[in-house]
Amino acid sequence: MTKPICQRILLKLSGEALMSQGGGSIDADIVNRLAAEIKALCDINIQVGLVIGGGNIMRGSERAAQGMDRVSSDHMGMLATVINALAMQDALEKHGQPVRVMSALKINQVCEDYIQRRAIRHLEKGRVVIFAAGTGNPFFTTDSAASLRAIEIRADLMIKATKVKGVYSADPEKVKDAVFYPQLTYNEALDQRLNVMDTTALVLCRDNHMAMRVMNIFEQGAVMRLMLGEDIGSLIQ
Ligand code: UDP
């Protein structure tokens, strides 16, 4: 079998990726399908770190715009990511995949604390590590958390899952002639204010030479095909 192009990846899913069409916050079938894809990657010895957002349940900035204190609403957002992480942990275990949730906020009855060395040890032992509670700090996003964890665990690649094929000059669902970029630099993404991730996350990746692939996670088997050498989505470096 072809050797995978990466030994260790950090996969970033938005919370919305778990949502059902009907608007339910966590769709069991979707979580199950994603878990099966992640398990397949582990089966060919790719070490997988996972960050799942919380936008399907709570976004701090949205709550704050309605008048809530931003720090409290961001705490709620971070707790939402823990809920998603537990759902994914359960689904992965049902597939027979060893997995640990590590939280940036201390919730010891629920999951482990995030400790960088211990996370790397889990990955080396073939366990999926789900990094929950973002960075543990308000005013950040889970995109920034994903960039940070990707760098900390020394991932070969960060994969940002989206609903579209990759990075475009404009939203392809709204602008008909939006141009698709198969490759670009972080500076181009920043200068053109392309809607990839927030600036903090992009700068963190740029300054720490973390390559990122932006791709459609809803295309079944796409991450596996990427790992086996196919050129899928957009590469930012
Ligand atoms: N959040 C935070 N600090 C972090 C990461 C996340 O305060 O380091 C909060 C923030 O309120 C955010 C929410 O958690 O809106 C959910 O994360 P995000 O919006 O990034 O989720 P996604 O859009 O990826 O589903």
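Note: Cβ is positioned from N, Cα and C throughout, glycine not excepted.
So that you can see what the record holds, here are the features copied from TrEMBL:
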- 8-216: domain 'Aspartate/glutamate/uridylate kinase' (DOMAIN)
- LYS12, LEU13, SER14, GLY15, GLY55, ARG59, THR162, TYR168, ASP171: ATP binding site (BINDING)
- GLY54, ASP74, THR135, GLY136, ASN137, PRO138, PHE139, PHE140, THR141, THR142: UMP binding site (BINDING)
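Known features from TrEMBL, placed on the structure.
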| residue | record | CB count, 10 Å |
| --- | --- | --- |
| LYS12 | ATP binding site | 28 |
| SER14 | ATP binding site | 22 |
| GLY54 | UMP binding site | 29 |
| GLY55 | ATP binding site | 21 |
| THR135 | UMP binding site | 21 |
| ASN137 | UMP binding site | 15 |
| PHE139 | UMP binding site | 13 |
| THR141 | UMP binding site | 23 |
| THR162 | ATP binding site | 22 |
| ASP171 | ATP binding site | 10 |
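Counting only the Cα atoms, the space from SER14 (ATP binding site) to GLY54 (UMP binding site) is about 7 angstrom. Proximity to ligand 1 at the level of Cβ atoms, with a cut-off under 6 angstroms, picks out THR135 from the binding-site residues LYS12, THR135, THR162, ASP171. DSSP assigns PHE139 (UMP binding site) to coil in the three-state reduction, outside any helix or strand.
Rounded to a whole number, the C-alpha distance linking GLY54 (UMP binding site) with ASP171 (ATP binding site) is 22 angstrom.
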